[in-house]
Amino acid sequence: MVDVFAVVVPAKPLSQAKSRLAGVLSATERARLAAAMLRDTLDAVSRSPLVSRVTVVGSSVDVEKIACEHGALYESEQRNDLNDSLTDACDRIRQANPGTALGIVHADVPAVQPHELEAVMTFTATTATPVFIADRHGIGTTALFIPGGHAVHPLFGPNSAAAFHADGARPFLGPVPGLRHDVDTPADLDEIGGLDVGAFTRDVTRKAPLFRRVTHW
């Protein structure tokens, strides 16, 4: 029997999210996009049959509201460092349920599919090491999955794929395009148009005139 996973989704305040899109989207549009991508990510994670609970870690009322609307738990971020905040959240989950398998999925993968998450979690359950998902460039990391009982050691940040690999985590090499495509730049936003993007993100991009100038969906 495959373990079920408790998944943590870190999310910046919507007003601070997606700053690298500032050259093409207004602050309001960036906030709307960040909210839509968070909703699509939470929707996919919550529909995965191997996920037992979802916790959003954030520091804003808007993010808390979205988490609650999608049936996720919410924890207020107490640290300035993302990896420290994630470690704290995972530790609290395991204090209540020792040995729980864990997942960390970033909030900006709007094309992620439940079956992609299931494939990675099934693979992780057969390993003795954490499993990471490199982004489409092979440089960053969009998610980390940790087998039950294994120590939590997130290393998100610049060149995180190499950092995770050097730390002993295994890369997942299977076809999970939705999980690999995070959105940070205009090129990323254009690229996901060819994928099965979630309804919230697609709705936002179709309604805003500026999005139509940025993308070729």
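Glycine residues also receive a Cβ, built from the backbone N, Cα and C atoms like all the rest.
In the record from TrEMBL, residues Gly157, Ser160 bind phosphoenolpyruvate; the candidate from Thr141, Thr185 listed for the same site is Thr141. Residues listed for phosphoenolpyruvate, Thr141, Gly157, Ser160, cover a largest CA to CA span of 8 Å. Counting only same-chain residues at least 6 apart in sequence, those with a Cβ under 8 Å from the Cβ of Ser160 (phosphoenolpyruvate binding site) are Phe132, Ile139, Gly140, Thr141. Packing around Gly157 (phosphoenolpyruvate binding site) is summarised by its Cβ count: 12 other Cβ atoms lie within 10 angstroms of its Cβ, all protein chains included.
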